[in-house]
Structures are given as C-alpha cells and as structure tokens.
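Some features that TrEMBL has for this protein:
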COMPBIAS  1-12  compositional bias 'Basic residues'
REGION    1-34  region 'Disordered'
DOMAIN    64-378  domain 'SAM-dependent MTase RsmB/NOP-type'
BINDING   182, 183, 184, 185, 186, 187, 188, 213, 240, 266  S-adenosyl-L-methionine binding site
ACT_SITE  319  active site, nucleophile
REGION    435-499  region 'Disordered'
COMPBIAS  444-460  compositional bias 'Polar residues'
REGION    741-794  region 'Disordered'
COMPBIAS  770-781  compositional bias 'Polar residues'
COMPBIAS  782-794  compositional bias 'Basic and acidic residues'
C-alpha cells in the first residue's frame, strides 16, 4: 500500500511538472520561487481588514500586496565580532560573488548580491536566489558549500534581513547585561553575542546574554546556534517568558535583584508579516490569531519591563502587521507605567532603513467580520475574546504623549523585507519606582566545591512572586478589577499580571549539574604549570558537568555568569553555559598534563598561556590544515628549531600576519595542536579547517569532494586509505602512517569530540598494532562517546 501511494504521488508530481512546462516559463518560475506548488495568494478577509485599518499609505496598497506575493530573497550576515570578518567579506566579494556574474539558473539571470545599505560595515547581503535553487543547482554547488561550511563555523549566519533589525536597535555595548526573552532558534541571540565581543582583545566582556525559551526542545536548537560563537558569556535557560523568575546576584556581599540593561522581547505572534516565506498564512489567516495572542504578548512584555534596569532599553518586536499585537501592547505598557517608560525615537538610527510610523487609531474585528471601535461596544458574550487593552487610548492628550508614531514598521518598499513592528522602550530614571525588598540580603560565604544543579523533569523550579513593578493609575486599577471579576476567563485569555507564586513543574531532559572547581583542586596545578598560565587567569570560573568520577571536560564562564549561576541554582533551569577549554587526554600524565587544549575555547585561553606556543608561517599553516600528522621535516626550519627542545603534548600554533605581505592572510590565527616525536598535527574542526584554507586562497571545493569519495570507500571496507587534500600519498607518507600509529599507541590521542572532529581524522587511541590495522579509520573512542552523551542535544 505504501509503494502504491508513492507511485501515485510520483505520477501526480510528474503531471504537475508537465502542466507547468506547457505554460511557457511556468516550470522554471516555480523552481525559482522555491519549488512551491501553485497556490492562490489571496485572502479576502486579510485585505478587507488591513485596508480598513490603513496600515500603508494611500495609493500604495497595490504595491504592498504585490510585494507580499513575491518570494523572499535569501540573505546572509557575516559575524561582526570575529577579527577575520573583513577577510571573509573580501573572499565573498572578490571570489564567490564574481563567479555569479552572468550566471543563469533555470533560464533566469542571477542578480549580483547586494549589501543591505542600513547594516553596518557591509556585513549583511541579500540575493534573489531561493534556498531550493542554492541547494539543487549544480552551478551554485560551490557557493552553497561555502555558505554551509562557514555557517557551521559561526562565520556566516543565514538570517532573514528583518530579523537583523531588533538587535541593532538595542544598541548593545560589551558591558551590558542582556536578556533575550523568546530566543529560539537563536539568530538574534547570535547577533547579541557578537556585539558583546566587539573587541576580540577582551576575552571576558563584563556583559552577558541570558537567552530564554519556553520550549525545551527548541532550547537545544538555541544552544547549537550559540555554541558556534564560542563565547563564555552566554547562558541558555528554559522558562515561560511571561513568568521568568527574578534572578539575584552578589554585589559586595549582598544579594541584589538582577536588572538587565538591554532586553529583547521578540514575542510569539500570528506571523502575517511572513507571507512571503510562510505561504500557508494566505490560507489560514484570520483575526482570531491576533486576538488569542494579545494577552500572552502583553504578559511577556510586562514581565520584561519589570526586569529592565533604570535607563535601560527594551525592544518589543513581532513579525505581524496587526496593531493589536503591536501598538496596542506598547500603548498598554506606556499607560501602566505612569511615565516610567518612554517610547524612544530611533528614526536617526540605522540610516538607509526605510520605515513607516506606527498608527494611533485602529479597530478590532472578529473572524466573522464584525467590527468594534471601543470596549464599551463589545457585548458580554464576546468579552472573553476581546479585552480592553486591545483598543487605542481615547484620551487625545494621553495618546499624543505616548508617541506611538515612533513605532518602527518595516514596509514593502524594501525588496528584502516585509513589514514588522518594533517598539524601543526606554526606562526613565526620573520616574522609575523600584521596590527594594530584595536588596541588602547577606550572602553566605562559599568555600570548596560549589555545585549549581540544573532543573529537570523530576525537580521543579521555584518562581518567587513579587509585586508588579509598574505603577498603576486609577483607570488601570479599575481595569484590573474588571479583569479580576472574570478570573478564569482571564487566565484562558492570558491577561498580564505578576508571575505565579507556586512552584512550576518544568519538563524536558535531565541536565547534568554545573560544578565549579574549588580553588585548591589538585587537578588544576599540573595544567597551570604545563601551560605556564598567567597569575591573572580566573581559575574560579572553571567548571565541569560531573560530580563523580574523572572530569573529562573543563568549561569556562565569565565572572559575571558565575555570579548568576551560584546565586540562582533553585530559581532557574539552565540548559547550557560555558565553553570547553580543556579535554582529558588518556594517558596524558606521562607528557606532564592530563588535559589537552580545546579549539573551541582557544581564543579565550590564549591571552593567559605563556608556554608551549609555536609561531608558524603561512606555509606551515597550510601544511597543518591539509595533511595528517605531517613530519617535522616538512615544516620551515624556524618551526623545527622551536619544536626541537619542546616536550611532547598539547601545543598552541600561532600565525601572525605580515603587513609587508598584503597578499597573505591578514588576520591572526590560533590553533590547537599536538607535538609528537616526529610529527606535528592540528586539532581543528573540519569546517574551521576549510574556512582558514579559503581565507588563504587554497581551493577546497575539490578537496571536499575527494574526501567524500574516500569516506564512502572507507564504508565499503577500505580501511587502509587516508584522506589527502592536495597530493597523493607517497612512500614517505606510507611510512609515516606506521609511525603515527605507534605514537598513538604511546598516548598521542587525537580529537574525537563532535565539536573538534577534523576533516581528515585518521588515528585513534589503540592497544595493539593488530587492532590498530583493523580500526585505523574508526572514529569512536570512549571520550567521544562521553562527549556525544553530553553534547548530543546541542
């Protein structure tokens, strides 16, 4: 039955292709638009509703609807905090974009990618290529491989243009404490992390990002996004944003409530501004979606404002066109605040961004087409669907003081975006009223091994009830009384209020605890001696994810996040935090240290390391990244001299650009490596290897195809072949393989963790030569299994 169904589906698809082919360019156009079947992009209720509200200027309705029917262009963003962002931009412009000139795909000419004029430093670009065209077209295979590889490295983010705007409007500085309330899948969170690390010479910025999402499974997608940026200043937590608990920090021996300098409140919405991407919205759109979400949006935004520091900034954003989800929420917040909040004027920010002002007058419509202009007109049987906060303020003086026209709508005039609403709220120190119930609490002294337990499905997390921090006037009090009169219905509708005082049951995976190393832990002394760590190294910030047995991985967080972790173990469910800086190397004690460096955290560690550093030239770097375990004789004489008197074990390989050679790579590179008796190797992830090679002008496209062929042959049983990137294996390489196996038997263990698996892994820790000959290409070790168990959900 299943086979017959597949055959019928295949025949139906074939008929559809033939029908489109008979209409001239229909088939090609369908592929160009992303491969969607023909769909009627019409919704009478949608047009009737938004025409009546006048969300676009007179005379532009036709252009607005035409823009919604166009496919959404593909956009990408180069991560701005990496020191080699300019090198990536140069590579894109001079190599990959030039190869797109005069290229035709499916009979249509590919337009040259254009930079987004409003994004700083040309770090964001858009093209008319859809994702399907990028994936399927043979002419674009090389460009697509580049995008995928650089995305995995964290050097490029394939992010929609409209999604880039809210983080930019937050105006983040490296010292800011930031809360991302509804963070998954994490593209905006990644932007915030980049802004913290604007200066790569500062390994530990004073600020941090706490990224929250209510969906436990989506939190792991968020972890994956954040992990690519290798920051010690990010923490992923799992809470309902509308009742996210107040956190506490230690300030000079006292516990104080943590208030955030910047808050991103990108709330769940109906998404009718995403019709160009989510075509199902055309069929499913109804006003009921916005009516159901308004209460939740208001509760989340209210909770965000309650945690905003004096003088702080919160950006409220949706991808919806509906004023009930946008201006109505912001107006309600402003009315409740009694002057404590101000809608900031951001018209001068992001020059080049076309925007439309927010609207001040709107009506509410039910899905049956019935309109209501005021709350008093709503019949009692409809008051559970329609709430007072959905209507505009009637007092003209109050309405004018709110400055709702400062809301920023991104219109159809941008070819790469559709309309969204952004409201930038600023907390006024002059009018702010803050309770002080949580300050001046003595903090007990902590000594020894400190543990922070992550909440799990068996243990709930307690959220402490507090008084709402927003001031209320008489009118809002009456409104609250009205809401309280129908408590059960209000709960169903999601009316805003303080977080609940009861314990909340949290669900999801059981997380391992976060255990900080005590100051006198004997584990750290050999590490400190082996790498000659600077006395300023913050060893208090090292942690592990295990309480018993050997510590296999050491992670590091910033001092500020350590403060948050230690003081809130019972308040929050932490999914992930910290970057891996050291990994245990089996039998490594014989080399002087049981832990080798991890590439993931090398840029954070490097400023503190004063030993085992080898400066290499660009030719040495190419050898390290294209060959497995190259003999020392292949390196420059300077490198050989430096290695000669150095003991075996983990090392740092540093490349410094030469300003007198502008043709060479002009950004520094720091790699983790391993020095053997007769060889030198780099422990670098596969995509990161490819990235550095591209930046140095080495063609890697064919190399990857060769590697894939070799991997497929390995699966067929050819265990004696090792991947080579640029040249065939010669006699010296064959002899070297045997030496490498013997060194592996002595304890030179390669990286097998998912984060650090290289493009050309060949060795494993083995117990005998006979066994090694059968398993030379096996990529499984006990350490990799442990890493998979702890990082599999990442």
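Cβ from N, Cα, C; glycine included.
If you take the Cα of residue 182 (S-adenosyl-L-methionine binding site) and the Cα of the residue listed as 'active site, nucleophile', they are about 13 angstrom apart, rounded to a whole number. Considering only the residues assigned to S-adenosyl-L-methionine binding, 182, 183, 184, 185, 186, 187, 188, 213, 240, 266, the longest pairwise Cα distance works out to 20 Å. Across the structure, residue 186 (S-adenosyl-L-methionine binding site) and the residue listed as 'active site, nucleophile' place their CA atoms 16 angstrom apart. Rounded to a whole number, the C-alpha distance linking residue 188 (S-adenosyl-L-methionine binding site) with the residue listed as 'active site, nucleophile' is 14 angstrom. With a 10 A radius on its CB, residue 188 (S-adenosyl-L-methionine binding site) counts 27 other CB atoms from all the protein chains.
Take the CB of residue 319 (active site, nucleophile) and look out to 10 A: across all protein chains shown you find 24 other CB atoms. The residues of the compositional bias 'Basic residues' (1-12), classed with DSSP into helix (H, G, I), strand (E, B) and coil, number 11 helix, 0 strand, 1 coil. Taking the C-alpha positions, the distance from residue 319 (active site, nucleophile) to residue 184 (S-adenosyl-L-methionine binding site) comes to 15 Å.
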